[in-house]
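Chemist: Let me begin by handing over the structure; questions about it come next.
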Amino acid sequence: MDIDSNTLNSEPVNEVAESKNPVDDPFAYLNRHFSNEQFKIVLRNLPAYYGISEFKKLLNEKLKLNSRKIKQANRNARYAFICFRNEEERDNAIKVLTGYSWKGKTLEVVKAKPSADPFVIKRNQENNEDGNDVKKLKRENSPDNRSPEERVKESTTPLSDMPYEEQLKMKEDNIKRILEKLTKQLLHSSPELRLWITKQKSKNRGIICPVQNIEYATKIDGYRNKCEFSIGVNKDTKLPVVGFRLSSYACGSISVGPVDNLRHVPDEMKKICKIFENFVEHSKLEVFDPEMQCGHFRQLSVRLAKQQIMVIVGIHPQQLSPDELTEFKKNLVDFFSNGHGKDCGVTSLYYEIMVKKTSQNDYIPPEHLWGETHNYETILGLKFKISPEAFFQINTEAVEILYQTAVKLAEPSSNTTVLDICCGTGTIGLCFAKYCGQVLGVEIIAKAVEDAKENAVLNGIENSTFFVGKAEEMLGSVCYKSKNENIVAVLDPPRAGLHQKAILQLRKVKKIKRLIYVSCNPEAAFKNFLDLGRPESKTLQGEPFVPVKAVPVDMFPHTKHCELVILFERFDLVKEREAKLKEEVTEKEDVNDEVNNIE
């Protein structure tokens, strides 16, 4: 359940209040299944500025409180909610945190009520019932009379009715606004940096660096090579629907809309969704109900590659016996290999258990049932092995443009070591390999590093080495293994950006002079950009990196998302190059003067 504002002024609820009809009780879920919401506290008087990772480290590593879920109300709130697995852990946390001093603030703790079930509240409001009237739900939950097709299109491809040229212009303008904001914030830096930024602004229309025209692929429809479809029930026909969620559970919705009219979903995937709906309809198993936490069918994932289709069927096994699960898997294989599903052309079939995880160690990899074990994709002439759980850019044609852009900006040579941070399965680093002397990759997920090493062997690449570990802990030792003095770092982090400690480490490693940052969410990565460019301080050691070129790349047509590739350089390198250029201009002017005098 999501956080709800009325818990701030509440004492604990140990028992669910009685209701005339349990279906209408927004706290009835506490009796149906275990929830961390039963053992929740609110921590008040937090310091004004702190990072969530720093907060988690305080609670779980330093104070050993074993929190299960932490939820900040919002960025500026001075309180946060924390959930635990049992009453003993919650009471111990109250004892430890009460009066504890952190960053000059004395913390206050009270027990908090569980959050109400937002779906039940939404349903009660639609039925004109009180539903305990929890304030959070919500102005946005006014009745939506649009069809499921219209709603799912709005939530997934909101720009699909806009001409593509206008989409590109809108994304370009948005990228420029983000860089203008970065320019303004960096202007408060040291006098020397401020002077340079002011000159850059005058040359680049108010932006710290030149922004090239947006790059894009020719294929703008049906471009996704991977989709994770939810499985739900049409509330009118009561038949299964395989598609996308219309909204989140936190906003009071469990409905799923069809994908027939979505421009970014390939026709092959649409066909599989329709055919699989028939399988679900005639199965003995039920569709999973998020409210009651019962039923089985949850998700259908599809990955496409050239002449390959991988399908991963995700279910909640509930109380199914081993024999029942064996029968279900056999039926799946029969359906896609010999039955109605044969028309889908599936080449690889997996089964995945999808239950609520209680720790990081709960992950169960998908089970291979039939066909090939992997897909294979080709990028810039290289072949990549794609496992069911591997991260791979969802737009194959556009990713070639993205990686070519990164290589052009980096300008690597045989004397360059490319440091691939958050390397995943090695795609971007291996695409750099033929242009540079050495590739060193760092990735926290061990299975991804195994795939990266396999991909290097698959392509006969011998100048790459990949390491498992956190970037913030590994950067120094990995850079020590560089055969070259010239190191270019390439960052392609998750949507939220790179951990701040990794940014601090990047700045400390003096060998790294240039840096390519590939961001799929520039607004979320904005703090990274800012920390790279701030002047040196006790916290931010090392010469700052400043943006010198930026290129937007549209990886996601018909959506509001856009990738941004930025070339950062050490400020001292920028000054050195500009001084050299000025010297060359002066020498040229002197030569011209001498020629004019002779004439």
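Keep in mind that glycine also has a Cβ here, set from the backbone N, Cα and C atoms.
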Chemist: Of 1-20, 221-240, which span is tagged region 'Disordered' by TrEMBL?
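Modeler: The range carrying the region 'Disordered' annotation in TrEMBL is 1-20.
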Chemist: Taking 8 Å from the centroid of the Cβ atoms of Gln393, Glu443, Asp492 as the cut-off, which other residues in that chain fall inside it around the S-adenosyl-L-methionine site?
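Modeler: Counting only non-site residues, the set is Phe391, Cys422, Cys423, Gly424, Thr425, Thr427, Ile428.
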Chemist: Counting across all protein chains shown, how many other Cβ atoms sit within 10 Å of the Cβ of Cys520 (active site, nucleophile)?
Modeler: 20
Chemist: Cα of Gln393 (S-adenosyl-L-methionine binding site) to Cα of Cys520 (active site, nucleophile): how many Å, rounded?
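Modeler: Roughly 10 Å, rounded to the nearest whole number.
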Chemist: Can you give me the Cα-Cα distance between Glu443 (S-adenosyl-L-methionine binding site) and Cys520 (active site, nucleophile) in Å, rounded to a whole number?
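Modeler: Rounded to a whole number, the Cα-Cα distance is 18 Å.
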Chemist: Do you know the mean pLDDT across the domain 'RRM' (39-114)?
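Modeler: Mean pLDDT across the domain 'RRM' (39-114) comes out at 85.
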Chemist: Where Asp492 (S-adenosyl-L-methionine binding site) and Cys520 (active site, nucleophile) are concerned, what is their Cα separation in Å, rounded?
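Modeler: Given the Cα positions, Asp492 (S-adenosyl-L-methionine binding site) is 8 Å from Cys520 (active site, nucleophile).
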